[in-house]
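Straight from TrEMBL, the features:
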REGION    A:1-21  region 'Disordered'
DOMAIN    A:47-287  domain 'ABC transmembrane type-2'
TRANSMEM  A:49-68  transmembrane segment
TRANSMEM  A:88-110  transmembrane segment
TRANSMEM  A:138-161  transmembrane segment
TRANSMEM  A:173-198  transmembrane segment
TRANSMEM  A:205-224  transmembrane segment
TRANSMEM  A:262-281  transmembrane segment
Amino acid sequence: MTTISPAAGTSAAGRPPAPHVPRPTLARTFLAMMARELRVLRKNFVSTFVRVLMQPLMFVFVFAYVLPKIGGGAMAAGGGSGATFATVLVPGLVGSSIVMQGVMAVVFPLMMELNWQRSITDRALAPLPVPLLAVQKIAAAGLQALIGGLLVFPAVLFIHADGQAPSVHVDNWPVLVLVLVLGSLMASAGGLLLGTLIDPQKVQVLFALVLMPMSMLGCVYYPWAALDHVRWLQIVTLLNPMVYVNEGLRAALTPQMDHMSFWAYMGVLVVSTALLTWSATRTFTKRVLT
Amino acid sequence: MTPSPEIAVRTVDLHKTYSGPRGGVQAVRGIDLEVRHGEFFGLLGPNGAGKSTTIGMLTTLVVPTAGEASVCGYDVVKRSVDVKRRIGMVSQNNTLDSDLTAFENLEFRGRFFGLGARDARRRADELLEMFGLTERRGGNPFELSGGQAKRLMICRALVHRPEVLFLDEPTAGLDPQTRVNLWEVLRGLQAEGQTILLTTHYMEEAEALCDRVAVVDHGRVLASDTVDGLKGSTGADTVITVSYDGDVPDGVRALDRRDGISKVELGEGQVRVFATAPDGLLGELVTAAASAGVTVTDASQLRPSLETAFLTLTGREYRE
Ligand SMILES: Nc1ncnc2c1ncn2[C@@H]1O[C@H](COP(=O)(O)OP(=O)(O)O)[C@@H](O)[C@H]1O
Ligand SMILES: [Mg+2]
């Protein structure tokens, strides 16, 4: 046990004359918080992204490499336009990674911050309005989602059996960037909303009841248009926000395949990102301020 | 409420009712406080008195249901960001950032408050040095001992040189040696002019540190004064409590007419005497029992202290 004598001479810890109080701008504080997220991301990079990559990696390996090799011909008929299954999977797996990553990047830390020791008070005491703190959380988790999605790209592009290469060509870069960014933000805003509404004992339920069906029925493994054989499901899936990310990516990456119209996916992405951000900001503020 | 420069913290009729499934909990029911710059102010009260709620409202994280509060002249609700810029807060539980090292906890706190990256690192090292934590610089904050973690939290609250430092039960759960060390730290800060508002449920902590103390219970301030003033204003200096296994002897009942005794409270088989001249009184109460043929089951004498003040104010013994 060390003994301490902060009184020793200096006035470093003491009350300074009022004018010496730093006057941080909101932007500076916001950026400093993003810098903290990047520092943490850098430290945990390997563990975080091994987790992100494993599922899509295994998936393309089995469905774009193993199954075609052993003659799983039925799997290769996605899209109805003679496209390989790998072509269907590229946008789907990138999109679902973005959404899953966006939700998890915000929900897991939030469960700790809001409950165990309530360490959120630390961030809430920074000179930033609490709603802006919510926006910062969405931005930070959105960034992780985007990185997660981008990391999946090489895996799904390059792992496939001979003759099963996906055919990807980007016609419209702005659309691609917009879908990636909006999809990331929508997912993290949705994650923040869920994370502030759900109580920590029910996180497992969140995964079982929300994320699992959302990704299985998110038009990841088939384009939405192909669902017209199961009309009711085609309509029900319109409630799933992940569908619009995947369809948007289909339009941007594999335009030769059936995909939703620009106004459909872009409209929903913009509106739901805005709505989710707005409501998550409110629920977050309610949880932080008592 | 007009801001006045010499007042660091002010509350006027502050209320907080938590809404819950089983109706509201009235945690704070009309608290008025005034803390001047440079002062070491204590909120003393038992568990559940409303101390954390009050400090929560002053640090903008708990929203008052009625009344007003301001820090350095800024309203805690309408100008919360201005308030946050000027305060440091050490909460009761460990809210250190477990994703960062001890050093990074300070570094980023500095950056949140507008320091440049280099200044923030310099300030972090300076504080670690000052608080004897340099060896723990790269460690995880959850590997620190209780006293070290508390010191790191104090460092973190001081990074941006706040005008008012709030501490919520800073020594709760610490061993006596660590507690005394922490008292030294806090005294050192005050000596440099740091305004401090601390809550505690330890009487001796309030006595040891604070210039002025507000005694709170059930969400209200019972009395607010200097430690000496509180002891003096209670009217009785020493409190003697004696319990009997039968009725209180008759001789005891007549005591309140005697000089040097301010009050006699009679309870079921118990008498409590508030006296300014307590010499020999305890013996007398015991003897009275013997001559009345009852047995004394318990006897205690409390010297003048905040504890006797609390007893006089509330009629209840202080429960920590
Ligand atoms: N978030 C909350 N929701 C509901 N009731 C609360 C909450 N926080 C505190 N209380 C209640 O308010 C009262 C005062 O609590 P608190 O301010 O923590 O007291 P202290 O810090 O003096 O021990 C207690 O009855 C406590 O149970
Ligand atoms: Mg408390």
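Heads up, the Cβ atoms here are built off N, Cα and C, so glycines get one too.
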Is it true that the transmembrane segment (A:173-198) and the transmembrane segment (A:262-281) have 3 or more Cβ pairs under 8 Å, skipping pairs fewer than 6 apart in sequence?
yes
Please indicate, using numbers and ranges, the residues of the same chain that are 6 or more beyond the transmembrane segment (A:205-224) and have a C-beta under 8 Å from a C-beta there.
63, 78-79, 88-89, 92-93, 95-96, 99-100, 103, 107, 194, 198, 233-234, 236-237, 240-243, 246-247, 250, 257-260
What parts of the chain pack near the transmembrane segment (A:88-110), using Cβ distances under 8 Å and only residues at least 6 beyond its ends?
52, 55-56, 59-60, 63-64, 78-79, 137-138, 140-142, 144-149, 151-153, 155-157, 166, 168, 180, 183-188, 190-192, 194-196, 203, 206, 211, 214-215, 218-223, 241-242, 245-246, 248-250, 252-254, 257
